[in-house]
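> What follows is a single structure, and I will ask about it in a moment.
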Amino acid sequence: MIKIKVPATSANIGPGFDTLGVALNLFNTITVEKTESTQRSVLWKNGVIEVADEENYVKVTLDQILAQYGFDQIGYKLIIGDCQIPISRGLGSSAASIIAGIYAANYLMDFKLSKEDIIQHATEIEGHPDNVVPAILGGMVISCIDEASHKIIHSTVQFPDELHFKVFIPDFRVSTKDARKVLPKEYSLAQCVNNISRVSMLINALNTKDYDLLRFSFKDEIHEPYRIKLIHQADLIMEKFKSLNTLGAFISGAGPTLISLVKADDTEFDAIINPFLETLQHTWTLKSLTVNNNGTTYEILE
Ligand code: HSE
């Protein structure tokens, strides 16, 4: 039996659309066990089926990978354990499910796949690398796709531990599909230059720990101006972050979660923001998360 733990991720980080992502210390955990028969079953930790099998990305991915490598006859018992990553909130829940499915398949196939194979499969299934790569490797990662080989090229950014993520999760969902539909098909040269300059600045600000520079690094013109309208009262919340002079703020992935970056010693932030959250029309849950540097981990329990 294997126990697999996959972290949440926040993709884009402002200007790094479909490119940058960071793993966070919030996890989904599953276990999978090979059975003697060819029967495949899914059990939920609390006994209540939360998602039908055909919409359960862990099972769908697990079956897809087993079929792709000719392991159709393997039976298993899959247990969906502790799921801390909220669904359709922009924190990489689908990436986490896909990765859990691939790791589970890999265990059942006697670890046929390398980490790079897993990255490749996960990106193909998810459609973009910015959640799956940091979820597998941990840390903050830049990813791009080499067109000639279709390979995912990635590089890890030294993310300072002293920066913490204030993660604001609303009680409503926005699907990635809907959030991608609102994006324009074309952008002006000025918009492209904005994003190139900001994301370059962002990486160097983190490398040099120049946090004043960070404040200029998150402005995005590729997705946030279009998506902010899908997130109820997000403009108000972003204004509030600005007034608190945090290091920066951005939509997490495709939203609707919003993130503000602060230094660990910023003790005033929660005290001011919590009463403000009470004034909003929806319920927003604030989680203080740190970067996860381990990525997906597993433990063999037999
Ligand atoms: N880069 C993706 C997007 C992340 O913004 O659409 C969502 O999973």
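Cβ coordinates are placed from backbone N, Cα and C, and glycine is handled just like the others.
Per TrEMBL, the features are:
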type	residues	note
DOMAIN	56-139	domain 'GHMP kinase N-terminal'
BINDING	P86, I87, S88, R89, G90, L91, G92, S93, S94, A95, A96	ATP binding site
DOMAIN	219-266	domain 'GHMP kinase C-terminal'
> Based on DSSP, name the secondary structure state of S88 (ATP binding site): helix, strand or coil.
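It is coil.
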> Taking each of the binding-site residues P86, G90, G92 in turn and counting other Cβ atoms within 10 Å of its Cβ, which one has the fewest?
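Output over binding-site residues P86, G90, G92: least Cβ neighbours within 10 Å is P86.
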> Starting from the Cβ centroid of P86, I87, S88, R89, G90, L91, G92, S93, S94, A95, A96, which together make up the recorded ATP site, report each further residue of the same chain whose Cβ lies within 8 Å of that point, ordered by sequence.
A8, I85, G253
> Over the span of the domain 'GHMP kinase N-terminal' (56-139), count residues by DSSP class, listing helix, strand and coil in order.
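Across the domain 'GHMP kinase N-terminal' (56-139), the residues distribute as 46 helix, 9 strand, 29 coil.
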> By DSSP assignment, list the helix, strand and coil residue numbers for the domain 'GHMP kinase C-terminal' (219-266), in that order.
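DSSP classes over the domain 'GHMP kinase C-terminal' (219-266) add up to 17 helix, 10 strand, 21 coil.
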> What are the sequence-distant neighbours of S88 (ATP binding site), meaning same chain, six or more residues apart, C-beta distance under 8 angstroms?
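Counting only residues 6 or more apart in sequence, the Cβ neighbours of S88 (ATP binding site) under 8 Å are R173, V174, S175, T176.
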> Within 10 angstroms of the C-beta of A96 (ATP binding site), what count of other C-beta atoms is obtained when all protein chains are considered?
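Taking all protein chains shown, A96 (ATP binding site) has 31 Cβ neighbours within 10 Å.
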